[in-house]
Every structure is written in structure tokens, then in C-alpha cells.
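What follows is a short report on a single structure.
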Amino acid sequence: MEGRIPLIGEEFPRVEVKTTHGKKVLPDDFRGKWFVLFSHPADFTPVCTTEFVAFQKRYDEFRKLNTELIGLSIDQVFSHIKWIEWIKEKLGVEIEFPVIADDLGEVSRRLGLIHPNKGTNTVRAVFIVDPNGIIRAIVYYPQEVGRNIDEILRAVKALQTSDEKGVAIPANWPSNELINDSVIVPPASSVEEARKRLESKDFECYDWWFCYKKV
């Protein structure tokens, strides 16, 4: 259904887009890499400007995680270019990641980025997509609230750690109030496994269903 929000665990819809770096096909052009697609309401607006600067300041950290950034709004490509030039000239920050020019709003509608009572501008959405093109996380912010880049980076790191180690990630990781930077071991699936887990020196446990370890 047009406008339906794609779901976590689904493949990111295949879309051909025009960007400030030329034409691209998502998710195909990012196969083998993670990518974060984030939409913003409009160019030449204060909150969006702070977000773009914040994303750029952390761009190297994303790339060290094999993760690319790509922005999107319902603006024409020349508007993106002029805004990026303004950011470089006035703020001394060069935006290095591509920005999708969705001037007709077709991609935004397909991804469910236009919400009721918000006109034709997109909300502040974040899609985290893995190297296989699967959507792993979706976050929506209202137009009035800028995003926290630390949390987006944390989510990417957490998903990658979960995939690599087969573990779950606690709240506020890696500074959790109970287990600090440890990760949660999946619960035991049998009585015998639960007993062995409590006796194991590989984990620390509050109980058989709540065990954790360092990674």
C-alpha cells in the first residue's frame, strides 16, 4: 500500500533516486555495507541545518562501522546543492554524504515519510539498513525535535554486535546501570541448560534467565 511504513525485518524497497552525488539505486548501491537513510523536512531550516552538521561531524565514525549516510527531503537537487554550499561557506562544514532530491515526493510516500497534519514535508525519519538490504531499525522524530546522532551510532553498533556475537543489547549500552558494557546472553531453552548456565564461569547471572558477559 502506498505510504505504508516499511517494517523492521523487511527488505528496503528498491527505489531509483537522484542525489547530490548523481543517480543511485537503493538498496542495491549499498550492498555489502550498512546505511542510514534519514529524511529532513526542508532545506534552509535551522533544525535540519544542525542535524546535517552533526551527521557530518560524525561521518568518519559511521564509515568506520562500514556504514554510509544518505539524506532525503522533498526538495529539488539545486536546493540541496545551494544549501550544502551555504553550510560550507557560513559554517565551515563540508557535507560529504549524498542527499536525495525527492522533489515529487514519490520516494517519501513509498517509505511512509509524510504524516498527517504535517503538509507535504517529511518527518524526521531514520532507517538503519544492513548489508543485505534488510531494514533493522526505524525511528521517527517530529519536525520540532532534532535527532541525537549518538543514539543512531549506538544503534548501529548495537545491531552489529548483536549480529556478530548472537547476543542482546541492554538499555543505555555500553553504560548500562546494571551490567555496564556487558551484553545479554539469550535465555536458556531447557531446564538442563538453565542449570549449566548458572554453574558456568563464562557468564555472570542474576538468575537463569538473566545472564550476561563481556564481549
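Backbone N, Cα and C define each Cβ position, glycine as well.
Quick caveat, the model's predicted, so the values are computed rather than measured.
Quick look at what Swiss-Prot lists:
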| type | residues | note |
| --- | --- | --- |
| DOMAIN | 6-161 | domain 'Thioredoxin' |
| ACT_SITE | C48 | active site, cysteine sulfenic acid (-SOH) intermediate |
| BINDING | R124 | substrate binding site |
| DISULFID | C205-C211 | disulfide bond |
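If you take the C-beta of C48 (active site, cysteine sulfenic acid (-SOH) intermediate) and look for same-chain residues 6 or more apart in sequence within under 8 angstroms, you find H40, P41, A42, S73. For the disulfide-bonded residues shown (C205, C211), fewest C-beta neighbours within 10 angstroms: C205. You'll find the Cα of R124 (substrate binding site) roughly 36 Å from the Cα of C211 (disulfide bond).
Annotation note: C48 (active site, cysteine sulfenic acid (-SOH) intermediate) sits in a helical segment as assigned by DSSP. Summed and averaged per residue, pLDDT over the domain 'Thioredoxin' (6-161) gives 96. R124 (substrate binding site) is surrounded by 22 other CB atoms, counting those within 10 A of its CB over all protein chains shown. Secondary structure at C211 (disulfide bond), as computed by DSSP, is strand.
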